[in-house]
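Let me begin by presenting the structure, written as C-alpha cells, before commenting on it.
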C-alpha cells in the first residue's frame, strides 16, 4: 500500500468518474509502478501505470504555477478600452433582419411594438472553481428589438476574455458564459433588457465553490488551518451579530492512534471565518486534520484522524466577522497505552473492540438515575416519539443520529443495529440517552464508506418493544486528502437514464451551433463549445486527431441541458493540445458530430494592457487631489462621429449616506460628462479629497455612472462630499452628506430611565390560585468567571404557581436597567435568565434573583468575576447547559404599563380609545440558549389596558 505523505493528494470526482493521485513535487524515490484498485460490493477492477522521474533539464516547464503575467490579459478585453458587457441581439444569428410576422397570405408585416419581457428568469447557480459558468434566461426582446446589459452586484459587467454572451432569437435565449470561474466571480448577476417602450430584468446569484481538481488545490506547503466564510449577503450585513460561543470546546483525553473530534457551537451573522491555534500559534495544515463549519447546527469541528503524541497541547478556535470575534479553547492530552479501568463511569463511552466484539447497547439512566424518592411510574412499553431521520455526511466527518424515545417503565435498554445486525462496539461509536428530554444519540466519528447502510435502534423492556430506522449515506470528502483516484480514459459525458416520456418522443442528435476554430495563447484557458439538441439527452464523446481524447487534470467537459450546449474546457493550453477536435453526440435515435481546429498563437512579448484600468493609488509623499478622468476606462472609438459640444450635467445626484464604522461606503451619481470629455474632482467639506488606499473612484461612460467607494469607513470620513464635473464649456456638481455611526453596540440603543431589573408575572388565573405553590429553586445560579467584553448569561430554574415575579439584586441592592442587560422568564422551562451583552469590570459582584408569588418566595445567588486578560484555558462554568423542562408550561402574559409606567407629569386625561397595534411583532430566529426578544409598538389606549386586552406575548412597549 502507498503510505500517506504530505506530498500526496488523492481524490475521486463523481461527476467525471475520475480518480486521481497527485504528487506535489516528484522525487527520484517516487519512481515505480502505481496501481489503483477500485472495489464495491459487486466486484473490483484495477489499472496501473509506471512513473519515471527524469533528471532536471533546463527549459522543461516544471513550474508549480503559471506565472501571473500569463493572466495579465484574461480579465481585460484585447482592445485598450474595457467596456460594459452588453448584448446586441442577433449578433450571433447570421443575416439578422428585424423581426417580422407573416400574415395568412404570407406577406411580412412589422411586429406590434412592445416592451421586453422576462419569460424564464435566471436561476441561482453554483459552479466549481475553474469550470465554465452558464447563466441562461428566456426573454422576449420586444419590438423594436431590445438591448441587453449584464450587471454584477449592481455594476455593469465589464468586457473581458472570460465572458461570452449571446442572444438566440428563435428560442429567445440569452446566455452569459464565464470561462475558468474564479472566486471573484461570485456575486449577484442581473440581466436588463431595454427598448423605447420599457424594460425588464432578472437576477440570480452565482456561488463559486472550491475546485474539485488537484490543479488548484492547496499544495503540500503547510498553511494555517482555517475556514473561510461565504461572501455575506446584503441581508446578513444589515443584521450583523458578533460571533458568540454558545457551547465551548471541552477538554479531551485521547488514546494514541484514535480519532479525535474537537467541537464547539459558535453563532454569528454573517457566518464567521474560523482560525485554529495550537499553543498560541496558528495550527498548520496536515493530512490528518479536517476543519469544518456546519451552518445549520452552528458547529465548528476539528478532527484529527489518528492522534499522536505531538498533537497534545492547548487548542483555540477564533471566530471573526465584521461585527467582532469570540474564541474558545481546550486541552488535548494523550493517554498512556497501559490498560486501565475507565474512570468516567457516569457516561456511556465507546469501548475499544475486544477479542469478542459485543453489540452496542445503551442502558438508559446511566446518566440520569431516577431519584430515590420519585413516585413509582405506571408500567408501560417503550415508544418512539420522534423517529430517526436519514443522514448524509461527508467522508471523515462525524455522523449523528438522534431520536426521541420514551423508554417506558420499568426502564428498558436500547440496541443499535446496522443492516439488521447488531452494531459492534468500536472506538468510533458514542451513544448516549438523556432521560429528561428522552433523546437518544448515536455519534459515529470519522465516517467511512463502510459505515453507509441502514441503522435501527430497538428499545425494549418486559412490556414490549419499539424501534425506528434510518439510512446513512457517506459521500466522498470535499478534501483531497482522503479521497479514493485513474488511468486516462476517453473524455465523455454519460446522459442520465431516459424517461418513459423521452423514449416516446425520440429525436436524433442535431448540431444547432457547430464548434468554431480557436486560436489560443499558450497558458490561457480555452473553451470549445457547440449547441446540440436531441431527445433523449445524448451521450457525448470527444476526439482529438481522430482518436478518443483522453482525460487529464487540465480538461473539463460538461453538457448544459437547458441551453443544449456541450463544452470542453482546457484550463491552460499547451503546444501538445494543438489539433483537430470533434465531439460526437449519440442517442438511441442516431448521432451527429461537429469539429474544430485549435491552434496556439506565438508567444512574442507585447505591451501589457492593464494600463486601461483605474487602480487605487497608494498615498504618496505629496498628496494629490482625487480626480477621475472619464474615458480612461472607455476611450471613444477613433471612428465614432464627432459629438455636439456641451457642458457636463448632473442627471441623478448623489444621495446622503449613513454607514456603520468599518463598513464600505459607496456614493453614486449619474452624470453626462459632456463634450469634449471633462474631468471629475471629489471634495470633502469643500477641500479636494486626497488620494489614499481606501478610495476607489470610477466613471463608466455608457451608463454615465460615477462611483466613489470608501473602504473601511472611519469617524473621520464623516462630512459633506461633492463631485465637480468640468470641461471647457462649463461645469456642474452634486453634494451629499456621509454619517458614520459607531459599529453596532448595545450602548447606542435607546434606554429608558434606569429602574430595577425585574420580570412581572401575568395576572394569575382562577385555577392557578386554587393550586398555589411557593417559588422553589430547582437549579440554582452558578458562579461565573467571564472575559472582559464577552457576553454572560446567569440562569436558574425556579418553579411556582402562580408564576412568580422576579427581581434581580447586585451586592444587596436592586440591579438597575441598562442597555447591556436583558432579563426574561421562560414559563415552559421555568428558567429565569439575566444576560449581560458585554461584561465590564463594574459588573463584578454578587447577583441574587428573588422569586415571589402569593404563596411565598425563594432566591438563589451567584458571584460574577472577570478573568484577567492573560491567555488561559476557558472555563465552562459560564456556558449554558441544557436544563430540564418544567412540569407546567403556561402562556406568558404581560400587564402593559408594568415596565413603563406613565410619567407623573403626564398631560391631562387623554381621549378614551381602544388599544391599537402600530408596528406588529416580527418573526424571530435565535440561537439555542440565547434570550428571545419580541418587540411591538402598541398604542395601549386610554385608559391604559390590562391583560383583559388579551395581549399574550413578551414584549417591550415603547413610550407612547
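Note that Cβ sites are derived from N, Cα and C of the backbone, with glycine treated the same way.
No curator has checked TrEMBL annotations; they are predicted automatically.
So that you can see what the record holds, here are the features copied from TrEMBL:
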DOMAIN    116-207  domain 'Ig-like'
DOMAIN    243-333  domain 'Ig-like'
REGION    327-362  region 'Disordered'
COMPBIAS  335-358  compositional bias 'Basic and acidic residues'
DOMAIN    382-473  domain 'Ig-like'
DOMAIN    509-599  domain 'Ig-like'
REGION    593-647  region 'Disordered'
COMPBIAS  601-622  compositional bias 'Basic and acidic residues'
DOMAIN    648-739  domain 'Ig-like'
DOMAIN    775-865  domain 'Ig-like'
REGION    858-898  region 'Disordered'
COMPBIAS  867-888  compositional bias 'Basic and acidic residues'
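The domain 'Ig-like' (648-739) and the domain 'Ig-like' (382-473) are not in contact, since fewer than 3 Cβ pairs between them lie under 8 Å (pairs 6 or more apart in sequence). Counting Cβ pairs under 8 Å to the domain 'Ig-like' (509-599), the top-ranked stretch among 116-207, 243-333, 382-473 is 116-207.
Computed over the domain 'Ig-like' (648-739), the whole-number mean pLDDT of the model equals 87.
Look at the domain 'Ig-like' (116-207): DSSP puts its residues at 3 helix, 57 strand, 32 coil.
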